[in-house]
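Database features, via TrEMBL:
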DOMAIN    140-183  domain 'Threonyl/alanyl tRNA synthetase SAD'
Amino acid sequence: QPDDRGLIGDVPVLRVTRRGPEAVHFVPAALEPGAEVLLSLDWERRFDHMQQHSGQHLISAIAEQMFGFKTTSWELGRQRSVIELDTPLVTAEQVVALEKNVNEKIRDRVPVTVRELAADDPEVETVRSRGLPDDHVGPVRVVDIKGIDSNLCCGTHVSNLSDLQVIKLLGVEKGKKNKTNLVFLAGNRVLKSIEQSHNTEKGLTSLLKNGPGEHVEAVRRLQSSVKLLQKNNLNLLRDIAVLIARDFKSKPAPRQLFVLHRKEGDSEFMNIITNEIGTEETLLFLTVGDEKEAGLFLLAGPVEAVENLGPRVAELLGGKGAGKRGRFQGKAAKMSRRGEVQALLQEFISHQNP
């Protein structure tokens, strides 16, 4: 169970941990030894932990009684909690039956009590436990859910199952080594989850212009439309790339440098242009993406020229890239420096043709 939070006087407690029999509190400022202070507990956090921890005891006990599923470990998470059950499979029907049973116990208002036993008391051996820490000293705590469970535990718990309000089993996930993880919420976390789901539902209703029962089908239709649009957009980009290349090649006087930037595009778009124009005699510098942000670049041309210029182009664009066989491409973080790259390439060509 996570540690408590609160104040020692007006100093916040950052963390609490156990060292043997002592609880060590970590605080951001020194406290005066011997001073009397008022301790203030973050009750919302504590009560949440009590609900989840007592909920785990109840679920584990009923799961073992009903189906023989033993609990091997559990985790009290910030948003949801997980119980690891020693079974490779828990069916949907078993989850429903388990949830129904634990909530019946909550409605029965079963008492929960905490008592202490000496470590050498024979009764300790009859209580459900995963063992004591090696550095444990003093008595041991036993948490009893009347008529349901008796368990060694150092955590904080409710005094009656009615304090749990409700338990919701969210389903199961595949665990490690033929085990199953059972995910659950207890108490106020169920109410918060419902509120969050309701707000999400309201938002989707407003966006999709239909009722909650039609949300899934509406999203499916939108996904199909988006896929079709993406396919059409890709085909159009390919056609545009071919036209751009053919227009360049149709010019009466061949040019040694081709530079192009397009906000919409991808690596395939740049490679189509490069393939159509050819790299034997022309040096190509292509970029796609937002001019003021990051994007992609491609430098293509004669092998020796690209090997010489590629790393320098990547450096100017604040990016990284790699190349082979006359092509050097990668990501650019500073697309606004494309002009500097073009000047570099033009200077290189002028030196090649004095």
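Any Cβ shown, glycine's included, is placed from N, Cα and C.
Caution: TrEMBL annotation is automatic and unverified by curators.
Small disclaimer: the values here were computed from a predicted structure and weren't measured.
Across the residues of the domain 'Threonyl/alanyl tRNA synthetase SAD' (140-183), the predicted structure has a mean pLDDT of 95.
Each residue of the domain 'Threonyl/alanyl tRNA synthetase SAD' (140-183) gets a DSSP state, and the totals for helix, strand and coil are 4 helix, 23 strand, 17 coil.
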